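The structure appears right after this line, and notes come after that.
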Amino acid sequence: MSMVPLTITAVMVGLGTGIIASLFRVCLEHAEAWRTTVFEWSQDHGVIGVIVAIVAPAVLAMVGAAMVRHLEPVAEGSGIPRVEAIVKGNANPTHMRLLPIKFIGGLMSIGGGLALGREGPSVHLGASVATILGRTYRNNRADLRLLIAAGAASGLTTAFSAPLAGAVFVLEELVKRFEARMTVAVLSASGAAYSMAHIIVGDDHVFPLPEPAPPTLDNGPFFLIVGLVAGFAGLLYNRTLMRTLAVVDASTFPVELRAGMIGAAIGIVGYLGPNLVGGGDSLTMDALMGRGTVMVLLGLLVLRFIMAIGSYVALTPGGLFAPMLVLGAELGLIVGLVCHALFPQVAPDPSAMAIVGMAALFAASVGAPVTGLVLTTEMTGAVVLLPPLLGACAVAMFIAVIFKCRPIYDALGLRSARNVAKNAAAIEKRTNQAMQAERRRP
């Protein structure tokens, strides 16, 4: 396909993804409002209220897990590793049924309270839109993979109203190259998706904040401390998640029952504090505004860490970005409050360190520092913090590299490939056993 029709098709992918992912985002906002209402109602209705608060998230998680297991297994989790495998030619494009399953399953799992993000399903939805359009116009496999990358960028763009971050993430993390045709397609699709998100969702930053004070040379080292702490936190997060998934993969415990138990645990947390569950945007906003004490924030950090790991191993549709941003912002604020207590004359505003922590943890875990600082800047509008963002992301990446922390989506992609190979071997074994049994019959 020549450049002009390719660009036009990429714009169509962006517009289509912008509509569908924006609708997903709006529906999710309504689902989260409904969830909060249910939890607040349950607090006023005694035993019946407790039962509803526990059972509702459990049922939604079970149904989401069942949809994935029985209808479309590749709809599990974030979807970004699957899209990356398709773009690299290591997996086949998804079936059309993925789109409704990812949409509905994501609403159930995230809307029900699991600590998952909207960006993973949005990226997968964008890839599905690209696959449908690419097959409709009978694109060759190379152009189809390119359009799928453009769809992925459109999905992330729409999820966070961040067109530059959507494009940069695909180029930095998914394809890992800035080739001309790919870049034009991705940028065109991201711009088109952002225009639709602007119409449907609105034009505000995800986290509208007052402009922070400009950094100075005196307080620069404090931002590097945030990067250092975030680097080790990213290492802990990745290894904990992958080891927990390894335990889950080796288990014979029923998938739906495990998801229901995780949903029930989330329901208990939601009953105690409705704003503690779900993607966590309100918690991120609180941290970015500098709200909270060190001890309370430490408790929230531990709780949300456990919830993020537990929610992902429920194997329902849902992403990693939003829960990770909560952890990064809270971690940065904790470091900021401690530094401000010890060095009140020179330490920067703790809320500024929360912004930097959000980007630094993302950089360490995902291995995409440019995406981290661009995404953070677009979501908060804190352009003045670009220098400390650069420094903190560099330090966080340094820690991740020297301790050989595999980027989380690379690790998830390897897990997916191993599971596919294991399932194929199991099918082949059952087939051989059936053939041998057939031969032994008289």
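Heads up, the Cβ atoms here are built off N, Cα and C, so glycines get one too.
Keep in mind that what you see is a predicted model, and the values were worked out from it rather than measured.
Here TrEMBL flags 6-26, 47-68, 146-171, 183-201, 221-237, 294-315, 321-343, 355-375, 381-403 as transmembrane segment.
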Self-check item: Positions whose Cβ lies under 8 angstroms from the transmembrane segment (183-201), at least six residues beyond its ends
Solution: 3, 6-7, 10-15, 17-19, 21-23, 25-26, 126, 146-147, 149-151, 153-155, 157-158, 161, 163-164, 166-167, 170-171
Self-check item: For the transmembrane segment (6-26), sequence-distant contacts whose Cβ falls under 8 Å of one of its Cβ atoms, 6 or more beyond its ends
Solution: 99, 103, 106-107, 118, 121-122, 125-126, 129-130, 133-134, 137, 139, 143, 146-147, 150-151, 154-155, 157-159, 181, 184-186, 188-197, 200-201
Quiz item: Taking pairs 6 or more apart in sequence, does the count of Cβ pairs under 8 Å between the transmembrane segment (294-315) and the transmembrane segment (381-403) hit 3 or more?
Solution: no
Practice problem: For the transmembrane segment (381-403), could you work out the same-chain residues 6 or more beyond its ends whose Cβ comes under 8 Å from its Cβ atoms? | Solution: 205, 208-209, 211-215, 220, 223-224, 226-228, 230-232, 234-235, 348, 352, 355-357, 359-361, 363-365, 367, 369, 372-373
